[in-house]
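Database features, via Swiss-Prot:
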MOD_RES   Met1  N-acetylmethionine
DOMAIN    4-286  domain 'Protein kinase'
MOD_RES   Lys6  N6-acetyllysine
SITE      Lys9  site 'CDK7 binding'
BINDING   10-18, Lys33, 81-83, Asp86, 129-132, Asp145  ATP binding site
MOD_RES   Thr14  phosphothreonine
SITE      Lys88, Lys89  site 'CDK7 binding'
BINDING   Asn132, Asp145  Mg(2+) binding site
MOD_RES   Thr160  phosphothreonine
SITE      Leu166  site 'CDK7 binding'
Amino acid sequence: MENFQKVEKIGEGTYGVVYKAKNKLTGEVVALKKIRLDTETEGVPSTAIREISLLKELNHPNIVKLLDVIHTENKLYLVFEFLHQDLKKFMDASALTGLPLPLIKSYLFQLLQGLAFCHSHRVLHRDLKPQNLLINAEGSIKLADFGLARAFGVPVRTYTHEVVTLWYRAPEILLGCKYYSTAVDIWSLGCIFAEMVTRRALFPGDSEIDQLFRIFRTLGTPDEVVWPGVTSMPDYKPSFPKWARQDFSKVVPPLDEDGRSLLSQMLHYDPNKRISAKAALAHPFFQDVTKPVPHLRL
């Protein structure tokens, strides 16, 4: 750790404090994540170290690069490439005007490329949200914190006792499914896509049941026809209110037909029928995709 000089605290992640830091030897600016684990007394589990070490192999232009893993005295530091801003802050700063459609399209396309790459290596994210999508001034967007959920679990609260958001969580997880797939990340990205377009969260639930019911009120309460097996999921209740599905043109009014078609496939109830990242990249919505540069106020 003596090779790094902390410049400033840039945030508080799910697992610990994040600092902007400088490598004293190379001058490289990095993001330093200090991982706080409940097992501080026993040290860092070897399984976590193994999982994290595998992530150093994930090299892709749309994945935030894990440069190094430093394990000292029961503490774990992850050294990542540094990016200037996250999508949440950028959307908040652009709340009045919104993001231009070509930029939304570019961001979604890049994020799907990153997902397709990770999914092809059988790595899931499980906790995608605008806060862990990082952007730079050149128009790139990258997925951060990939694979951390598998190494450390997804806590209910962060180390500062903030509630970990449910807004982007797939219905199969909310219904208690223990064995989920890459489709959970596609669901999260679908929610983020809608949020970029409408400038507000699609399903801003404040509890697991509120989260489910918000989804049901928009997409209709799922049954065996749309989602075979749903009624036998651990947390499914026959007493759930039966809501009808809303028209997508009312859910995301600014989106054209191609955009609505892609979004509805990303938000398919049945994870087996949900579009894959690879298939989504070939969707007609991306026929005219470009890479515009965002107006960042850094």
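Even glycines carry a Cβ here, placed using N, Cα and C.
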Surrounding CB atoms that lie within 10 Å of the CB of Gly16 (ATP binding site), all protein chains:
21
For the domain 'Protein kinase' (4-286), would you mind checking the mean pLDDT of the predicted model?
92
Just counting, how many other CB atoms are there within 10 A of the CB of Lys88 (site 'CDK7 binding')?
15
Name, in the order they occur in the sequence, the residues of the same chain whose CB lies under 8 A from the CB of Ile10 (ATP binding site) and which sit 6 or more residues away.
Val18, Tyr19, Lys20, Ala31
Can you tell me whether DSSP puts Lys9 (site 'CDK7 binding') in helix, strand or coil?
strand
Measure from the CA atom of Pro130 (ATP binding site) to the CA atom of Met1 (N-acetylmethionine) and give the result in Å, rounded to a whole number.
29
Reduce the DSSP letter at Lys33 (ATP binding site) to three states and note it down.
strand
Where does Lys89 (site 'CDK7 binding') sit in DSSP terms: helix, strand, or coil?
helix
Can you tell me the CA-to-CA distance separating Lys88 (site 'CDK7 binding') and Gly16 (ATP binding site), as a whole number of Å?
19
Fill in the CA-CA distance, Lys33 (ATP binding site) to Leu166 (site 'CDK7 binding'), as an integer in Å.
23
Cβ neighbours within the same chain of Asp145 (ATP binding site) - under 8 Å, at least six residues apart:
Gly13, Thr14, Val64, His125, Asp127, Asn132
Cβ neighbours within the same chain of Lys9 (site 'CDK7 binding') - under 8 Å, at least six residues apart:
Val17, Val18, Tyr19, Lys20
Mind telling me which of the recorded positions Met1, Leu83, Leu166 has the densest Cβ neighbourhood, counting other Cβ atoms within 10 Å?
Leu166
Would you count the other CB atoms within 10 A of the CB of Pro130 (ATP binding site), including those on all shown protein chains?
21
